[in-house]
Amino acid sequence: MADQYIVGVAGVLACLLGLIFLYFHSLLRFRGLSKLRTPATGNCDAVGAADIIIVGAGVAGAALAYSLGKDGRRVRVIERDFNAPDRIAGECLMPGGYLKLIELGLGDCVDDIDARHVLGLVVYKHGKDATLSFPLEKFESHVAAKCFHNGRFVQRLRDKAASVHNVSLEQGTVTSLIQENGAVKGVHYKDKSGRLLTAYAPLTVVCDGCFSNLRRSLCNPKVDVPSHFAGLVLSNCKLPNESYGALILAEPSPILFYPISSTEMRCLVDIPSRNVPSVSDGAMVHYLKSLVAPKVFPELYPAFISAIEKGNIRVMPNRIMAAAPNSIPGAFLIGDALNIRHPFTGGGMTVALSDVVLLRDLLRPLRDLSDASAVCKYLESFYTLRKVVFSAPTGPVMEDIQQACFGYLRLGGVFANGVSAIFSGLYPSPLSMAFHLFAIVLYGVGRSVLPFPSPKCLWNGAKLVWVASSILLPFIWSEGVRQMFFPLTVPAYYRTPPGSRSITA
């Protein structure tokens, strides 16, 4: 009995000692966690760890978060506003972009948002037309351009990102990057209550769009604004060819139409920046009614006038910015934050999704992102590889170029098909782009000087060559001649993943 009593007392004491141990262990652990949350600078609180921080949850940010989360990365997304965006851009996803969406496992994001199936673009000028059909013969019937309300599409992408368990989405405004010893370690941001926080990760991807406030920290932006769009939504009307968008090359403003739902049509009027009428004083209404409305299709005229009178006219600057990134360890720039094309090309979302696919594929072999310098050097290949993805010349809309383009497209065959292949994002190639632009110039010069070259005709031809060169050559120079046309000669093209030997060992 005594032995049993001693054993029982010892057991009780052991239990008490175990409970005391657990208590102090938990207390010490709690204090350790508290130290991790000690303000990093001033009144900033540090939040939990992640492998990758993504700034912005637009098309590029949400798609990247989903794809990296599916690859097992811990992703923190910080977005300024989770309400559905209300924009007059980002409404047309080219066929090449739709294929990238499918490749990312996000093809269903265009379902149930009343997206329209568009097969190409019809260009109109002086009563004649030229049809630009996307080269879709080798693809399944569902592959086409998809046109929709931008906000509906972005919300579907965000929902998909949020469905991945290791992806966290947080509302906040990133104010600056955290830099230490020449490398980015994370971000400072304000949450929706205004509290200043910090978040840390080995890699920060900035994709906060064309109005990025972090761009200047990571690149040398040279933004040009050649024109503005005046945007309207037309209700209950149809284009002459319902499966195609329409571009009217009119003076003083080209007009673009495409469907964004089963009952709505987007109308974009391109106005040179030097003479954009004011909306507030009624000058824009007068401009649209007196100078633009007479050029609109008769079947769309009543809906066009009705949309103007409703007063919901949106004006947006058309920005152009070549990619000029600085290689900074720990940070990366993609999408419109890196590179902006004129919205008339319709390539913004296609480029953004192509960036996401490329970056995802480059990151897949990397198990550890902690060596920021090695990762940065490896990811330099991204900026060379993306040149092959999609490039398009941009510049002010000029009558001579318009006329030459229109005539070139009317030739049909290989001429129109080559342009549509680039425009659709299905077969992007800088070499093909340059070939067709110079072919358009030669066509325009030949059309100008034949059959009897006069001094005036020769002068017009020389001006056409000058205009085309002023558009293409600065673009090629800013993007990089070797990167665009001879990527295999660029050392960054052959970058291997850091630690790849240990991975394959």
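Please read every residue number as a count from 1 along the shown chain.
Keep in mind that glycine also has a Cβ here, set from the backbone N, Cα and C atoms.
Taken verbatim from TrEMBL:
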TRANSMEM  5-26  transmembrane segment
TRANSMEM  46-66  transmembrane segment
DOMAIN    51-82  domain 'FAD dependent oxidoreductase'
DOMAIN    201-458  domain 'Squalene epoxidase'
TRANSMEM  408-427  transmembrane segment
TRANSMEM  433-450  transmembrane segment
TRANSMEM  457-477  transmembrane segment
Original post:
According to DSSP, how is the domain 'FAD dependent oxidoreductase' (51-82) divided among helix, strand and coil residues?
Top reply: 12 helix, 9 strand, 11 coil
Original post:
By a Cβ-Cβ criterion of under 8 Å, what residues six or more beyond either terminus of the transmembrane segment (46-66) are in contact with it?
Top reply: 36-40, 73-80, 82, 85, 90, 101, 104-106, 153-154, 157-158, 160-161, 164, 167-169, 174, 186-187, 197-209, 212, 214, 334-337, 349, 352-353, 355-356, 359-360, 369
Original post:
Mean pLDDT for the domain 'Squalene epoxidase' (201-458), as a whole number?
Top reply: 83
